[in-house]
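Each remark here refers to the structure printed beneath this line.
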Amino acid sequence: MTAQLNPRGDVAVLVPAAGAGVRLGPGGPKALRLLGGEPLLVHAVRRVAEAPSVATIVVAAPAADVDHVRRLLAPVAPVTVVPGGADRQQSVAAALAAVPPGPQIVLVHDAARALTPATLVELVAARVRAGHDAVIPVLPVTDTIKEVSADDVVLGTVDRSVLRAVQTPQGFRRSVLVAAHAAALDPLTDDAGLVEKSGGTVTCVPGSELALKITRPFDLMLAEHLLSGGVRFDP
Ligand SMILES: Nc1ccn([C@@H]2O[C@H](COP(=O)(O)OP(=O)(O)OP(=O)(O)O)[C@@H](O)[C@H]2O)c(=O)n1
Ligand SMILES: C[C@](O)(CO)[C@H](O)COP(=O)(O)O
């Protein structure tokens, strides 16, 4: 039987958590690295579980850690844990295959975005519920962006007004996400990219600074400060 959160919810959230965390440096799989004394994955799942629309959470864990992750998350929320794949897309596909019948909205959320507020989960889900096939949270780009050659010579300055930095959770009508993954040829860095490739429309909503992706050591230090500094997570 699949673990259920809110039986009246219409949202399944997939949490790919099987990455190595190479850019964070040595210390084990990134989702299991500690932030404020708890694994990143625990933070991420706890916040997702606070979102009232969420009926089901499926985590893709490092294959060697599936049992450990089940035990870790048991006191946090009812979750289904499956082994992840060789890249993020394969981990998402494995989690998607484990979603039980029922939820018609599927969100895909990085464990690495551990401080993402439940309000962002609800916002993305609400936009899908309102009729959009694919919805992504985005932030404006604040640096000047240059295109450069392999030998570090500037080729030009990109018009940043049309650029957005993309976060998760990314939300989809379930059938749209299933079709996009079924049609996938090459691995892409996000699921919305698969929908774009299939000719679908992807809609943006405002993201959250708190949904930063913990990728490098500086990101982890920043997240520690945010957590210990008493930042309000659901403004
Ligand atoms: N084979 C993989 C690779 C990544 N992910 C997950 O996808 C999310 C976003 O990936 P990223 O932040 O790039 O994590 P890593 O792949 O672990 O990082 P790195 O590239 O530095 O190794 C993370 O929650 C990560 O655990 C996954 O489930 N399976
Ligand atoms: C899905 C994602 O977090 C959206 O920004 C991002 O594309 C993951 O990329 P990564 O290179 O696997 O960190």
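Glycine too: its Cβ is placed from the backbone N, Cα and C atoms.
Given the structure is predicted, the values throughout are model-derived calculations rather than measurements.
According to its DSSP assignment, ARG23 (site 'Transition state stabilizer') is helical. Long-range Cβ proximity for ARG23 (site 'Transition state stabilizer'), meaning a same-chain Cβ under 8 A and a gap of 6 or more residues, is found for THR215, ARG216. Residues or ranges marked as site 'Transition state stabilizer' by TrEMBL: ARG23 (among others).
Residues or ranges marked as site 'Transition state stabilizer' by TrEMBL: LYS30 (among others). DSSP assigns LYS30 (site 'Transition state stabilizer') to a helical segment in the three-state reduction.
Long-range neighbours of ARG160 (site 'Positions MEP for the nucleophilic attack') (same chain, six or more residues apart, CB within less than 8 Å of its CB): PRO140, VAL141, ASP143, THR144, ILE145. Annotation comment: TrEMBL describes ARG160 (among others) as site 'Positions MEP for the nucleophilic attack'.
LYS213 (site 'Positions MEP for the nucleophilic attack'): 17 other CB atoms within 10 A of its CB, across all protein chains. Reduced to three states, the DSSP call for LYS213 (site 'Positions MEP for the nucleophilic attack') is coil. Summarising the annotation, TrEMBL assigns site 'Positions MEP for the nucleophilic attack' to LYS213 (among others).
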Query raised in the report: What's the CA-CA gap between LYS30 (site 'Transition state stabilizer') and LYS213 (site 'Positions MEP for the nucleophilic attack') in angstrom, rounded?
Result: 11
Report summary line: Taking ARG23, LYS30, ARG160 as the recorded sites, the residues having C-beta under 6 A from ligand 2 are none
Query raised in the report: Within the set ARG23, LYS30, ARG160, which recorded sites show a CB-to-ligand 1 distance under 6 A?
Result: ARG23, LYS30
**Report entry** Other C-beta atoms that fall within 10 angstroms of the C-beta of LYS30 (site 'Transition state stabilizer')
**Finding:** 26
